[in-house]
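J.: Quick one: the structure is below, and I'll ask about it shortly.
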Amino acid sequence: MGYFLRTLQLLSTCVAISLVGSLDSWTVPTSTWSFVILCFCCLMTLIILIIESLALQYRFSFSWGDFLLCHACYLALFCLLVSIIYPTTYVQFLPCNPSRDRAIAATAFCFISTVSYATEAIWILGWPRTGDFTGYIGSLPFFLKMLETLVACVILPFISNPSLYMDHPLLVSCVAVYSICFILGIVTILLNLANYENWLPISSSMFHLVLSLLSVLLYIGALVLWPLYQFDEKFGGQPERSRDVSCQHRLTNYVCVWDQRLAVAILTAINLLIYVADLVYWAHHVSVGTEDQPGDS
(Lines of atoms letter the chains of each structure in order from A; the text may use other names.)
(Lines give C-alpha, C1' and ligand atoms only; values in the text may rest on other atoms or scores of the structure.)
Protein backbone atom coordinates (compact mmCIF):
# COMPACT_ATOMS: atom_id res chain seq x y z
CA MET A 1 0.00 0.00 0.00
CA GLY A 2 2.73 2.44 1.01
CA TYR A 3 4.83 1.67 -2.07
CA PHE A 4 1.83 2.15 -4.37
CA LEU A 5 0.88 5.48 -2.78
CA ARG A 6 4.41 6.85 -2.90
CA THR A 7 4.82 5.78 -6.52
CA LEU A 8 1.60 7.63 -7.35
CA GLN A 9 2.82 10.66 -5.39
CA LEU A 10 6.14 10.63 -7.20
CA LEU A 11 4.58 10.34 -10.65
CA SER A 12 1.87 12.97 -10.08
CA THR A 13 4.27 15.52 -8.61
CA CYS A 14 6.81 14.90 -11.39
CA VAL A 15 4.16 15.50 -14.06
CA ALA A 16 2.94 18.63 -12.26
CA ILE A 17 6.53 19.91 -12.00
CA SER A 18 7.15 19.37 -15.71
CA LEU A 19 3.92 21.15 -16.66
CA VAL A 20 4.52 24.14 -14.36
CA GLY A 21 8.16 24.35 -15.43
CA SER A 22 7.21 24.36 -19.11
CA LEU A 23 5.34 27.65 -18.66
CA ASP A 24 7.12 30.99 -18.88
CA SER A 25 6.00 32.09 -15.41
CA TRP A 26 9.21 32.52 -13.40
CA THR A 27 8.40 36.19 -12.78
CA VAL A 28 5.10 35.24 -11.10
CA PRO A 29 5.80 34.73 -7.36
CA THR A 30 2.97 32.29 -6.67
CA SER A 31 3.84 30.20 -9.72
CA THR A 32 7.49 29.97 -8.67
CA TRP A 33 6.37 29.16 -5.12
CA SER A 34 4.13 26.37 -6.45
CA PHE A 35 7.04 24.96 -8.47
CA VAL A 36 9.32 24.95 -5.42
CA ILE A 37 6.67 23.29 -3.23
CA LEU A 38 6.07 20.57 -5.81
CA CYS A 39 9.82 19.96 -6.15
CA PHE A 40 10.09 19.66 -2.36
CA CYS A 41 7.21 17.16 -2.23
CA CYS A 42 8.71 15.09 -5.04
CA LEU A 43 12.17 15.09 -3.46
CA MET A 44 10.91 14.09 -0.01
CA THR A 45 8.85 11.25 -1.48
CA LEU A 46 11.84 10.01 -3.48
CA ILE A 47 14.06 10.09 -0.38
CA ILE A 48 11.51 8.07 1.62
CA LEU A 49 11.20 5.53 -1.19
CA ILE A 50 14.97 5.07 -1.26
CA ILE A 51 15.24 4.82 2.55
CA GLU A 52 12.51 2.20 2.80
CA SER A 53 13.80 0.25 -0.21
CA LEU A 54 17.18 -0.04 1.52
CA ALA A 55 15.59 -0.59 4.97
CA LEU A 56 17.55 2.32 6.39
CA GLN A 57 14.67 3.59 8.56
CA TYR A 58 15.65 1.17 11.36
CA ARG A 59 18.95 2.99 11.83
CA PHE A 60 17.34 6.29 12.78
CA SER A 61 16.99 7.28 16.41
CA PHE A 62 13.70 9.10 15.91
CA SER A 63 10.24 7.60 15.41
CA TRP A 64 9.88 6.61 11.76
CA GLY A 65 6.11 6.24 12.09
CA ASP A 66 5.80 9.79 13.41
CA PHE A 67 8.03 11.06 10.60
CA LEU A 68 5.93 9.35 7.92
CA LEU A 69 2.70 10.71 9.39
CA CYS A 70 4.17 14.22 9.66
CA HIS A 71 5.46 13.95 6.09
CA ALA A 72 2.08 12.80 4.73
CA CYS A 73 0.08 15.46 6.60
CA TYR A 74 2.37 18.30 5.59
CA LEU A 75 2.68 17.33 1.94
CA ALA A 76 -1.06 16.71 1.61
CA LEU A 77 -1.74 20.26 2.83
CA PHE A 78 1.11 21.69 0.74
CA CYS A 79 -0.30 20.14 -2.43
CA LEU A 80 -3.82 21.25 -1.46
CA LEU A 81 -2.59 24.82 -1.07
CA VAL A 82 -0.87 24.68 -4.46
CA SER A 83 -4.08 23.26 -5.99
CA ILE A 84 -5.94 26.32 -4.68
CA ILE A 85 -3.39 29.14 -4.90
CA TYR A 86 -1.88 28.29 -8.30
CA PRO A 87 -5.17 28.45 -10.27
CA THR A 88 -6.63 31.40 -8.34
CA THR A 89 -3.54 33.61 -8.49
CA TYR A 90 -2.15 32.65 -11.90
CA VAL A 91 -4.17 30.28 -14.10
CA GLN A 92 -7.34 32.39 -14.11
CA PHE A 93 -5.43 35.34 -15.58
CA LEU A 94 -4.12 33.35 -18.55
CA PRO A 95 -5.77 33.67 -21.97
CA CYS A 96 -7.38 30.60 -23.52
CA ASN A 97 -4.39 28.95 -25.19
CA PRO A 98 -2.21 25.80 -24.80
CA SER A 99 -0.35 27.39 -21.86
CA ARG A 100 -3.59 27.70 -19.93
CA ASP A 101 -4.42 24.06 -20.72
CA ARG A 102 -1.03 22.94 -19.36
CA ALA A 103 -1.54 25.03 -16.23
CA ILE A 104 -4.97 23.45 -15.67
CA ALA A 105 -3.46 19.99 -16.17
CA ALA A 106 -0.74 20.83 -13.64
CA THR A 107 -3.44 21.79 -11.13
CA ALA A 108 -5.24 18.48 -11.75
CA PHE A 109 -2.08 16.43 -11.14
CA CYS A 110 -1.38 18.47 -8.02
CA PHE A 111 -4.84 17.59 -6.75
CA ILE A 112 -4.10 13.90 -7.42
CA SER A 113 -0.98 14.32 -5.28
CA THR A 114 -3.12 15.86 -2.54
CA VAL A 115 -5.46 12.87 -2.51
CA SER A 116 -2.58 10.37 -2.48
CA TYR A 117 -0.78 12.11 0.41
CA ALA A 118 -4.05 12.41 2.38
CA THR A 119 -4.75 8.72 1.76
CA GLU A 120 -1.30 7.86 3.09
CA ALA A 121 -1.91 9.93 6.23
CA ILE A 122 -5.23 8.16 6.86
CA TRP A 123 -3.58 4.79 6.22
CA ILE A 124 -0.76 5.52 8.70
CA LEU A 125 -3.27 6.68 11.32
CA GLY A 126 -4.78 3.19 11.12
CA TRP A 127 -1.51 1.55 12.13
CA PRO A 128 -1.33 -0.04 15.61
CA ARG A 129 -0.08 2.47 18.19
CA THR A 130 3.23 0.75 18.95
CA GLY A 131 6.59 2.14 20.06
CA ASP A 132 7.01 3.48 16.55
CA PHE A 133 4.80 6.44 17.54
CA THR A 134 5.41 9.01 20.29
CA GLY A 135 1.88 10.43 20.22
CA TYR A 136 2.84 14.02 19.37
CA ILE A 137 2.04 13.76 15.66
CA GLY A 138 -1.72 13.83 15.34
CA SER A 139 -2.24 15.76 18.58
CA LEU A 140 -3.79 19.22 18.82
CA PRO A 141 -0.43 21.00 19.46
CA PHE A 142 1.03 19.43 16.32
CA PHE A 143 -2.05 20.37 14.30
CA LEU A 144 -1.79 24.00 15.45
CA LYS A 145 1.96 24.14 14.83
CA MET A 146 1.47 22.66 11.38
CA LEU A 147 -1.16 25.29 10.53
CA GLU A 148 1.12 28.08 11.79
CA THR A 149 4.00 27.01 9.57
CA LEU A 150 1.74 26.41 6.57
CA VAL A 151 0.17 29.87 6.77
CA ALA A 152 3.63 31.42 7.13
CA CYS A 153 4.74 29.44 4.08
CA VAL A 154 1.77 30.80 2.09
CA ILE A 155 2.75 34.35 3.08
CA LEU A 156 6.20 33.94 1.50
CA PRO A 157 5.22 34.27 -2.21
CA PHE A 158 3.18 37.39 -1.48
CA ILE A 159 6.16 39.13 0.14
CA SER A 160 8.65 38.04 -2.53
CA ASN A 161 8.30 41.49 -4.12
CA PRO A 162 10.81 43.68 -2.19
CA SER A 163 9.06 46.87 -3.28
CA LEU A 164 6.25 46.02 -0.86
CA TYR A 165 8.38 46.62 2.21
CA MET A 166 11.94 47.76 1.46
CA ASP A 167 11.03 51.48 1.73
CA HIS A 168 10.00 51.12 5.38
CA PRO A 169 12.21 49.49 8.06
CA LEU A 170 9.12 48.58 10.10
CA LEU A 171 7.71 46.63 7.17
CA VAL A 172 11.03 44.84 6.89
CA SER A 173 10.59 43.88 10.54
CA CYS A 174 7.22 42.34 9.63
CA VAL A 175 8.95 40.14 7.05
CA ALA A 176 11.47 39.20 9.74
CA VAL A 177 8.59 38.19 12.04
CA TYR A 178 7.12 35.86 9.42
CA SER A 179 10.51 34.27 8.80
CA ILE A 180 11.51 33.92 12.48
CA CYS A 181 8.18 32.42 13.56
CA PHE A 182 8.24 30.01 10.62
CA ILE A 183 11.73 28.80 11.53
CA LEU A 184 10.82 28.46 15.22
CA GLY A 185 7.78 26.40 14.30
CA ILE A 186 9.80 24.00 12.14
CA VAL A 187 12.46 23.67 14.85
CA THR A 188 9.78 22.89 17.45
CA ILE A 189 8.32 20.10 15.32
CA LEU A 190 11.77 18.65 14.69
CA LEU A 191 12.54 18.71 18.42
CA ASN A 192 9.35 16.77 19.10
CA LEU A 193 10.02 14.27 16.32
CA ALA A 194 13.54 13.61 17.59
CA ASN A 195 12.35 13.64 21.23
CA TYR A 196 15.11 16.12 22.08
CA GLU A 197 12.83 18.32 24.20
CA ASN A 198 13.88 16.33 27.27
CA TRP A 199 17.28 17.94 26.88
CA LEU A 200 15.89 21.45 27.37
CA PRO A 201 16.72 23.28 30.62
CA ILE A 202 13.01 24.00 31.21
CA SER A 203 9.93 21.81 31.05
CA SER A 204 8.44 21.00 27.66
CA SER A 205 5.15 22.76 28.47
CA MET A 206 6.91 25.93 29.63
CA PHE A 207 9.07 25.90 26.50
CA HIS A 208 5.98 25.76 24.28
CA LEU A 209 4.24 28.43 26.35
CA VAL A 210 7.14 30.88 26.08
CA LEU A 211 7.50 30.19 22.37
CA SER A 212 3.77 30.71 21.76
CA LEU A 213 3.73 33.95 23.79
CA LEU A 214 6.71 35.30 21.85
CA SER A 215 5.08 34.42 18.52
CA VAL A 216 1.78 36.05 19.54
CA LEU A 217 3.54 39.29 20.53
CA LEU A 218 5.52 39.34 17.28
CA TYR A 219 2.43 38.72 15.16
CA ILE A 220 0.45 41.40 16.99
CA GLY A 221 3.16 43.87 16.01
CA ALA A 222 3.07 42.65 12.40
CA LEU A 223 -0.72 42.84 12.28
CA VAL A 224 -0.59 46.48 13.40
CA LEU A 225 2.37 47.64 11.29
CA TRP A 226 1.64 45.89 7.98
CA PRO A 227 -1.87 47.34 7.36
CA LEU A 228 -0.83 50.71 8.81
CA TYR A 229 2.04 51.25 6.37
CA GLN A 230 0.36 49.52 3.44
CA PHE A 231 -3.13 51.06 3.53
CA ASP A 232 -2.93 54.30 5.53
CA GLU A 233 -2.11 57.35 3.41
CA LYS A 234 -0.54 59.12 6.40
CA PHE A 235 2.19 56.49 6.38
CA GLY A 236 2.57 56.28 2.62
CA GLY A 237 0.04 53.51 2.12
CA GLN A 238 -2.55 53.02 -0.61
CA PRO A 239 -6.04 52.65 0.86
CA GLU A 240 -7.93 52.01 -2.39
CA ARG A 241 -7.40 49.18 -4.85
CA SER A 242 -8.51 51.34 -7.77
CA ARG A 243 -5.42 53.54 -7.37
CA ASP A 244 -3.08 50.63 -8.04
CA VAL A 245 -2.19 50.66 -11.74
CA SER A 246 -1.33 46.96 -11.69
CA CYS A 247 -4.91 46.18 -10.61
CA GLN A 248 -6.48 48.03 -13.53
CA HIS A 249 -7.54 46.51 -16.85
CA ARG A 250 -5.87 43.16 -16.07
CA LEU A 251 -2.46 44.54 -17.03
CA THR A 252 -0.69 41.65 -15.29
CA ASN A 253 -1.09 37.90 -15.50
CA TYR A 254 -0.98 37.45 -11.75
CA VAL A 255 -2.29 38.96 -8.51
CA CYS A 256 -1.70 42.71 -8.50
CA VAL A 257 0.39 44.50 -5.88
CA TRP A 258 -2.53 45.83 -3.81
CA ASP A 259 -4.05 42.36 -3.62
CA GLN A 260 -0.69 40.99 -2.46
CA ARG A 261 -0.67 43.56 0.36
CA LEU A 262 -4.20 42.57 1.34
CA ALA A 263 -3.40 38.84 1.20
CA VAL A 264 -0.49 39.30 3.60
CA ALA A 265 -2.66 41.30 6.02
CA ILE A 266 -5.40 38.63 6.00
CA LEU A 267 -2.94 35.76 6.39
CA THR A 268 -1.24 37.60 9.26
CA ALA A 269 -4.58 37.90 11.08
CA ILE A 270 -5.35 34.21 10.47
CA ASN A 271 -1.98 33.10 11.78
CA LEU A 272 -2.31 35.32 14.83
CA LEU A 273 -5.58 33.59 15.71
CA ILE A 274 -3.86 30.19 15.39
CA TYR A 275 -1.00 31.34 17.61
CA VAL A 276 -3.48 32.62 20.19
CA ALA A 277 -5.19 29.21 20.21
CA ASP A 278 -1.77 27.61 20.66
CA LEU A 279 -0.99 29.99 23.53
CA VAL A 280 -4.31 29.25 25.26
CA TYR A 281 -3.68 25.51 24.99
CA TRP A 282 -0.22 25.67 26.55
CA ALA A 283 -1.30 28.18 29.19
CA HIS A 284 -3.97 25.71 30.29
CA HIS A 285 -1.44 22.87 30.06
CA VAL A 286 0.95 24.70 32.42
CA SER A 287 -1.79 25.92 34.78
CA VAL A 288 -3.02 22.38 35.49
CA GLY A 289 0.57 21.27 36.08
CA THR A 290 0.73 18.71 33.24
CA GLU A 291 4.33 18.39 32.13
CA ASP A 292 4.01 15.37 29.85
CA GLN A 293 3.70 15.53 26.10
CA PRO A 294 0.10 15.97 24.90
CA GLY A 295 0.15 12.60 23.24
CA ASP A 296 1.30 10.89 26.42
CA SER A 297 -1.14 12.44 28.86
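Yeah, the Cβs are placed from backbone N, Cα and C, and that goes for glycine too.
A TrEMBL annotation is a machine prediction, not a hand-curated record.
According to TrEMBL, the record shows the following:
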- 1-129: domain 'MARVEL' (DOMAIN)
- 136-287: domain 'MARVEL' (DOMAIN)
- 32-55: transmembrane segment (TRANSMEM)
- 67-86: transmembrane segment (TRANSMEM)
- 106-126: transmembrane segment (TRANSMEM)
- 133-158: transmembrane segment (TRANSMEM)
- 170-194: transmembrane segment (TRANSMEM)
- 206-229: transmembrane segment (TRANSMEM)
- 262-283: transmembrane segment (TRANSMEM)
J.: Between 0 and 100, where does the mean pLDDT of the domain 'MARVEL' (1-129) sit?
T.: 90
J.: State the residues, same chain only, that lie 6 or more residues beyond the ends of the transmembrane segment (170-194) and have a CB under 8 A from a CB inside it; answer 'none' if no residue qualifies.
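T.: Apart from its flanks, the transmembrane segment (170-194) reaches 61-63, 66-67, 70, 134, 136-137, 142, 145-146, 148-149, 152-153, 155-156, 159, 164, 208, 211, 214-215, 218-219, 221-222, 225-226, 229-230, 268, 271, 275, 293.
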J.: Six or more residues out from either end of the transmembrane segment (262-283), which same-chain residues have a Cβ under 8 Å from its Cβ atoms?
T.: 140-141, 144-145, 147-148, 151-152, 154-155, 158-159, 164, 174, 178, 181, 205, 208-209, 212-213, 215-216, 219-220, 222-223, 226-227, 230-231, 241, 255
J.: Using a threshold of three or more Cβ pairs below 8 Å, and leaving out pairs closer than 6 in sequence, do the transmembrane segment (206-229) and the transmembrane segment (32-55) count as in contact?
T.: no
